[in-house]
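Some features that Swiss-Prot has for this protein:
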SIGNAL    1-19  signal peptide
REPEAT    40-84  repeat 'Kelch 1'
REPEAT    86-137  repeat 'Kelch 2'
REPEAT    139-173  repeat 'Kelch 3'
REPEAT    174-219  repeat 'Kelch 4'
REPEAT    222-265  repeat 'Kelch 5'
ACT_SITE  228  active site, proton acceptor
REPEAT    287-336  repeat 'Kelch 6'
REPEAT    338-367  repeat 'Kelch 7'
């Protein structure tokens, strides 16, 4: 009898350890966006095209349900946030009416009650791609991202070049062979008020803008971790935005993922521990750049980090590893943990699984 009970206990523990965090996404999912509201997860765009899905994490039979398609066309690098029961989607990269790749600065709103989308008559004062979005006191805040004019111009040139490989090589060399400050990544902080649909200036980084940073916020503090300083060159910087009191303060924490940094990483909080995991970058690019090579990642292979770092006692500690390196998925707060949905692995392969990272007593637990 005791042996039978013990065997059942082992089987149940094994099943729990191997149980998937969430069901696989309906399609391999990367470069999209997502948000969570009342334990219901919403994901869409990126490699899912115009599709959006939701999943009730508290349901007994968890499954992804297709929602109304996004009306703005396929997008990558859009961001999203829930405010007062509605889902807002900001910008992204996609095709315009002429078929040219461009950065958008528009806003769409999804109403879960009616399963319907509407494009708002509101445009950010700059393009939104590679940016981050977070919510504070009922407003959405946006910072970072590529320069709309420079990025759009690059893709216009590529379109003109067609299949002319010589022209394409020349365009790429011209585009990548510049210093970081010459790309004018967005270092402004913008606020969006959903009640008025108006954009406002909310501040400005005393350092520089990034693209593809990881973002997480709790209470009056928001952290921006790593990202690109220019196309192909990452930064290991960590910025903290402190909304405590009447004046926004920008602080710089110790770097992480040094020396090269990563973009497309994942950030979250578990039991008050700040987590940073994964991301992709080019090892050796920082040294190349410091040695005067502006096209810093030329000839380098993109690598995907498995590292999990915790911010503890004023410094970053590597505290665990993902089962495989990944980047460019969605990271959300769930069950007092960091939930990662999808992403891409080596070679840019989009994946369908989810990962849950939890911290207790500064010890990391990873559930796949």
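Every residue, even glycine, has its Cβ placed from backbone N, Cα and C.
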May I ask whether the repeat 'Kelch 4' (174-219) has at least three C-beta pairs under 8 Å with the repeat 'Kelch 6' (287-336), counting pairs 6 or more apart in sequence?
yes
Ranked first among 40-84, 86-137, 222-265 for CB pairs under 8 angstroms with the repeat 'Kelch 7' (338-367):
40-84
Cβ-Cβ under 8 Å from residue 228 (active site, proton acceptor), same chain, 6 or more residues apart: which ones?
130, 185, 210, 211, 212, 234, 235, 263
How about long-range neighbours of the repeat 'Kelch 1' (40-84): same chain, 6 or more residues beyond its ends, C-beta under 8 Å?
22-23, 25-34, 90-95, 104, 106, 108, 110, 112, 115-117, 119, 128-135, 138-140, 142, 194, 212, 330, 332, 334, 339, 341-342, 350
